[in-house]
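As recorded in TrEMBL:
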TRANSMEM  34-52  transmembrane segment
TRANSMEM  95-116  transmembrane segment
TRANSMEM  128-152  transmembrane segment
TRANSMEM  226-249  transmembrane segment
TRANSMEM  278-296  transmembrane segment
TRANSMEM  316-336  transmembrane segment
TRANSMEM  343-361  transmembrane segment
TRANSMEM  367-389  transmembrane segment
TRANSMEM  410-433  transmembrane segment
TRANSMEM  453-474  transmembrane segment
Amino acid sequence: VRSLISCCLSFLLQKESKEKLSVCSKLCYAVGGAPYQITGCALGFFLQIYLLDVAQLDPFYASIILFVGRAWDAITDPMVGFFITKTPWSRLGRLMPWIIFSTPFAVISYFLVWFVPDISSGQVMWYLLFYCMFQTLVTCFHVPYSALTMFISREQSERDSATAYRMTVEVLGTVLGTAIQGQIVGQVDTPCIQDSRLFGVTNSSVAMEEVNVTRDAGSITDTRNAYMMAAGVIGGIYILCAIVLFLGVREKRDASELQSDEPISFFRGLKLVMKHGAYIKLIAGFLFTSLAFMLLEGNFALFCTYTLRFRNEFQNILLAIMLSATLSIPLWQWFLMRFGKKTAVYVGISSAIPFLIMVVVLESNLIVTYVVAIAAGISVAAAFLLPWSMLPDVIDDFNLQHPDSRGHEAIFFSFYVFFTKFASGVSLGISTLSLDFAGYKTRGCSQPEEVKFTLKMLVSAAPVGLILLGLLLFKLYPIDEDKRRENKKALQNLR
């Protein structure tokens, strides 16, 4: 009887391993990645300029909001990962309830981030509160969604294919975020101050009201309404994507977990994960490359507005970058399958370097800027796809080395996001403070040369240095294509 059961179990596992995910399942899974990218793109590209020129906060307070919000966002990732490991399996699964129940509250808090309260004092606390609240709730969506990759299929090829679908939709989400936020807000001219006397005035909202502005008082109200309208549209898309994910994806429990319902020790699992060399080397490399693109993202709107002097074109330039990235995802998926993931990292991410240099070295020219934007988008696609495609390989390698320690997927994904988000919070806070020290003028139609030079450093020199450092660290990453095939075969035998 034991032999018969063993043969039947082996047959079922082999049959299951050969089952492929349907295109519909992959698409529904991929759609779930859009909310995080749409909201993240809108916040990443527009929140800094919104706080400075629409909410009219001092750059110092804006830097505090950006840093604390990102730092808190980073802290919530391992916290949510901890609670997920303690969450029992239910009829909906272990991850899906987190996604569904956090969605309505995340949408409400997101809308309030883009609302300017009619209060003379306390605006800083308002934005700090709702920005941190939204970051917490979107983490309750994104961490379980990221870990869901390991529970839609046991096949590496199917997970890689689903990840490619996901990355395509996520980059499309950044296009939507850029298009919705940029085009709605771009329809309204944000009033700026042309009076040269501004540059001798203290940088506060009270002083701003004492000088002449180029638009009437209603114009700033129209701008604020445009930001809220964009937030409402994005919130509706967020809810729709969560519904599609819930209805179209079934969370599959790993066969090894079915053998025991004993709770998994989070701290023991964390200790094991942090000792796993492949994981540490992977997140170290992507920490610096992701930081480079986040630094570029956070300062690009100001760079286009004040350094390149494309005040009315920057949203279209951002759209060109994201459209190019979306169309490039299938190219990179083919490339990593053909030449390997490590090769794709070197070729894809390093290709951004010449274009980051060109955009600050060449004279301000709109056509050249669009060409550089389209070329840079190809590299952005590689930066989006590769981390999420390589993390499952690391988890497979860990499961082979620790076959008796299972259920740590959320730890892997949450701590990867933790390190990148915390670093990006530090970078955004420092970059906004750097603008303050350089003499940034809130709502100014132009900025001092020191500010323009600082923006060039933030979108070119700093990202290039971070990319080079990250690529050097990738030399230490041990999982190449031969190792992946070896792990795949060993996992099939283990199951």
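Including glycine, each Cβ sits where the backbone N, Cα and C put it.
The model shown is predicted, which means the values in this text are computed figures rather than measured ones.
Contact between the transmembrane segment (278-296) and the transmembrane segment (367-389) is supported by 3 or more Cβ pairs under 8 Å, counting only residues 6 or more apart in sequence. Same-chain residues lying 6+ beyond the ends of the transmembrane segment (367-389) with a Cβ under 8 Å from its Cβ atoms: 146, 149, 160, 163-164, 166-167, 170-171, 282, 286, 289-290, 293, 304, 308, 310, 317-318, 320-326, 328-329, 331-333, 336, 341, 344-345, 347-352, 355-356, 358-359, 416. Taking residue pairs at least 6 apart in sequence, the transmembrane segment (226-249) and the transmembrane segment (34-52) share three or more C-beta contacts under 8 angstroms. Taking Cβ pairs closer than 8 Å, the transmembrane segment (128-152) reaches residues 21, 25, 29, 32-33, 35-36, 39-40, 47, 64-65, 68-70, 72-73, 76-77, 80-81, 84, 93-96, 98-99, 101-103, 105-106, 109-110, 112-113, 158-159, 162-163, 166, 242, 245, 249-254, 388, 391-392, 395, 409-410, 412-414, 417 in its own chain, all 6 or more past its ends. Non-local neighbours of the transmembrane segment (343-361) in the same chain are 285, 289, 293, 296, 307, 332, 335-336, 368-369, 372, 375-376, 378-383, 386, 456, 459-460, 463-464, 467-468, 470-471, 474; each lies 6+ residues outside the stretch with a CB under 8 Å from one of its CB atoms.
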